[in-house]
């Protein structure tokens, strides 16, 4: 059979010069992160500019919808009068405590139910039934048990976070590929070694997805409870501004809540990247 010689055009289709992202993947990823950061900051900034222009042109009633500059001035006044800082600290304390407690207990239950089927069979129906109950509906129960103050707020946040972490952790443990388990058995790993070196690394990415979702939900629950209980906190700032018709204060509270949720989610994401360098490497390769 006669041999065939490839033409120059055919060779060029087969052999190609590596792209810039393949020659310098780390530099390319830095550029992608800068682009993503610019886009993420640019969209809210553009909306704020359009909002300000609409207020200045009289298209929006500033008495009901203060402009971004009005909101910034109100925030500065509240900060100088020391009326924002105590509420912010109170909300951060409640959210942090509830999140840590709920995450720890949820991860413990998730690991136990994911690794041992009898425990999963015993607790799964009960926890699934309780999961469907709106968590704010439990506030009267917690007020009866703990009384007024910090404890019912922290407890409600912890219970809410618990269910998200429990579900994500249990699902992640159950979903670990059977091949990973068989490899651990082949290497004669102990129960602890199997968990530490096989199960946990494979499950961590999905667990951190649950942690990020729970971070945002914990802030939502916090604000809802502070609406109801009053006292102090960012929810109280928002509700007080509404009842006293100081709407600039209401919008300051909304913006601060949004920033707290954003920072909370980013911190959890950064912790996940530090704990899962292998996951980050895989993410880099998928984006090239």
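Cβ coordinates are placed from backbone N, Cα and C, and glycine is handled just like the others.
Annotated domain 'ABC transmembrane type-1' per TrEMBL: 88-272, in sequence order.
Using a Cβ-Cβ cut-off under 8 Å and counting only residues 6 or more beyond its ends in the same chain, the transmembrane segment (37-60) has close neighbours at 66-70. TrEMBL lists 37-60 (among others) with the feature transmembrane segment.
Per TrEMBL, the feature transmembrane segment maps to 96-116 (among others). Packing against the transmembrane segment (96-116) from elsewhere in the chain are residues 123-124, 127, 153-174, 195, 199, 203, 207, 211, 214-215, 218, 221-222: each is 6 or more residues past its ends and has a CB under 8 Å from a CB in it.
Residues or ranges marked as transmembrane segment in TrEMBL: 128-148 (among others).
The transmembrane segment annotation in TrEMBL covers 154-177 (among others). Only residues 6 or more beyond the boundaries of the transmembrane segment (154-177), in the same chain, are considered here, and those with a CB under 8 A from a CB of the stretch are 94-95, 97-99, 101-103, 105-107, 109-111, 113-115, 120, 127, 130-131, 135-136, 138-139, 142, 145-146, 198-199, 202-207, 209-211, 213-214, 217-218, 221-222, 225.
What TrEMBL lists as transmembrane segment is 198-225 (among others). Among residues of the same chain six or more beyond the transmembrane segment (198-225), those with a C-beta under 8 A of the stretch's C-beta atoms are 91, 94-95, 98-99, 102-103, 106-107, 110, 114-115, 135-136, 139, 152-153, 156-157, 160-161, 164-165, 167-169, 171-173, 175-177, 180-181, 183-184, 189, 233-235, 238, 257, 260-261, 264-265, 268-269, 271-272, 275-276, 278-279.
The transmembrane segment annotation in TrEMBL covers 251-276 (among others).
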